[in-house]
Amino acid sequence: MGQKTLQGLVAAAALAASVANAQQPGTFTPEVHPTLPTWKCTTSGGCVQQDTSVVLDWNYRWFHTEDGSKSCITSSGVDRTLCPDEATCAKNCFVEGVNYTSSGVETSGSSLTLRQFFKGSDGAINSVSPRVYLLGGDGNYVVLKLLGQELSFDVDVSSLPCGENAALYLSEMDATGGRNEYNTGGAEYGSGYCDAQCPVQNWNNGTLNTGRVGSCCNEMDILEANSKAEAFTPHPCIGNSCDKSGCGFNAYARGYHNYWAPGGTLDTSRPFTMITRFVTDDGTTSGKLARIERVYVQDGKKVPSAAPGGDVITADGCTSAQPYGGLSGMGDALGRGMVLALSIWNDASGYMNWLDAGSNGPCSDTEGNPSNILANHPDAHVVLSNIRWGDIGSTVDTGDGDNNGGGPNPSSTTTATATTTSSGPAEPTQTHYGQCGGKGWTGPTRCETPYTCKYQNDWYSQCL
């Protein structure tokens with residue numbers, strides 16, 4: 001992950017101008033955020049382009065004394081001589097701007113490329129593993145309120161081998177990044193990170209973390225993937241108690257071994273569109289989260305889901321999360337609003353086995369060793385583009401091939417022969433809260449008893 005920055009831990013009387021004066025000519029890098037346009041959509045008004053960019057995480061940056069002669073960070077954390085307390089640290093230390101290209105971050109139009117490695121001018125290849133956040137034109141993080149809404153984007157994971165993790169997720173971070181009198185940079189310098197793993201960082205919500213507490217908050221993993229395996233997972237929290245494991249959906253782990261794969265049902269050797277819907281019990285943006293639904297589009301057509309009835313996470317299938325607020329707690333966080341984080345990383349300790357090895361994917365236990373990745377895949381990167389969010393059915397035209405009725409069973413091919421265990425009607429039915437209609441929809445239009453198909457908008461009807 002990266003490592004430089006510019007403004008930041010400056011006392012209230014030493015705002016932006018003082019930071020500029022503190023820089024020695026030619027030794028500091030200005031903070032220039034790469035532009036990344038996104039779109040907010042409604043069924044009535046279409047999609048409106050947003051003034052957005054990305055910002056590299058605060059923890060990846062260079063913190064230094066005024067003349068740049070000494071780092072304020074040591075191998076064991078913050079230098080306690082320079083930073084015995086927040087006010088003193090703000091007087092002594094500055095946070096530097098970054099070169100985004102050498103940090104593994106590139107944008108072009110609406111596309112964001114995140115690279116695991118960067119080759120320097122000396123020929124050395126370094127692991128940079130960047131993490132960035134979506135930043136608004138006002139200098140604060142964009143807060144996405146996605147309860148009863150959907151988020152879509154295009155993604156290309158074709159260059160990502162076993163052991164890599166391209167992640168796009170939501171974190172309930174403070175919109176300002178914890179901006180305060182001692183941290184005037186805030187979100188503009190990527191501060192305030194938190195997630196359900198409760199990482200212990202040098203700063204907690206923009207404030208010097210003298211107590212070494214974990215930075216805990218609700219986390220919704222929309223995408224954690226390489227070309228071999230993928231999972232989407234809610235991680236709700238109650239206070240500082242979080243569901244760290246989560247109750248995710250991984251097609252391979254559920255037995256659908258040729259779904260997410262190069263040449264698979266969803267061909268990960270080519271780009272595709274991913275849509276995640278946060279469906280409520282009453283179809284509104286103020287209801288209770290009942291279902292997290294995943295939809296894929298490739299070549300202009302909707303890809304059949306891995307599981308019959310759809311690739312979904314429901315409260316009934318997420319009982320392990322109940323002590324942490326459950327799916328409804330995740331919905332509450334989505335309703336309050338969350339910040340979009342995007343990253344690429346690998347795992348030197350566990351080789352990302354939890355994602356793509358054993359019962360979770362086709363990779364061997366050692367294939368994900370970062371040294372193997374560097375030797376064989378130095379160009380490992382992910383491309384994320386065309387990020388849109390808004391009303392369900394408003395962000396992507398799924399085309400005439402729209403079909404949420406589900407694909408074949410894990411290790412079998414579809415046949416016309418009825419199974420001996422079938423007890424339902426011949427006509428396929430949709431489950432509670434599932435989609436049952438909309439433009440281009442060719443999946444089930446009949447709901448299971450006692451539910452009925454209720455119109456929500458031209459693109460989406462729901463079993464309620």
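Residue numbers in this text run from 1 along the chain shown.
A Cβ is built for glycine as well, from the same backbone N, Cα and C atoms used for every other residue.
The record in Swiss-Prot lists a disulphide bond between CYS47 and one of CYS41, CYS72, namely CYS41. Between CYS198 and the candidates CYS216, CYS217, Swiss-Prot records the disulphide pairing with CYS216. In this structure, the C-alpha atom of CYS216 (disulfide bond) lies 19 angstrom from that of GLU224 (active site, proton donor). Among the recorded positions CYS83, CYS89, CYS194, CYS217, GLU219, the ones whose Cα sits within 10 Å of the Cα of CYS237 (disulfide bond) are CYS217, GLU219, in sequence order. Under DSSP, CYS198 (disulfide bond) is assigned to coil, being neither helix nor strand in the three-state scheme. You'll find the Cα of CYS41 (disulfide bond) roughly 31 Å from the Cα of CYS242 (disulfide bond). Cβ neighbour counts within 10 Å, taken over all protein chains shown, single out GLU219 as the most crowded of the active-site residues GLU219, GLU224. Considering only the recorded positions CYS194, CYS198, CYS217, GLU224, CYS242, CYS89 (disulfide bond) has CYS194 as its nearest partner by CA-CA distance. The least crowded of the disulfide-bonded residues CYS89, CYS198, CYS216, CYS217, CYS363, judged by other CB atoms within 10 A of its own CB, is CYS198. For the recorded site, CYS89 (disulfide bond), the DSSP three-state label reads helix.
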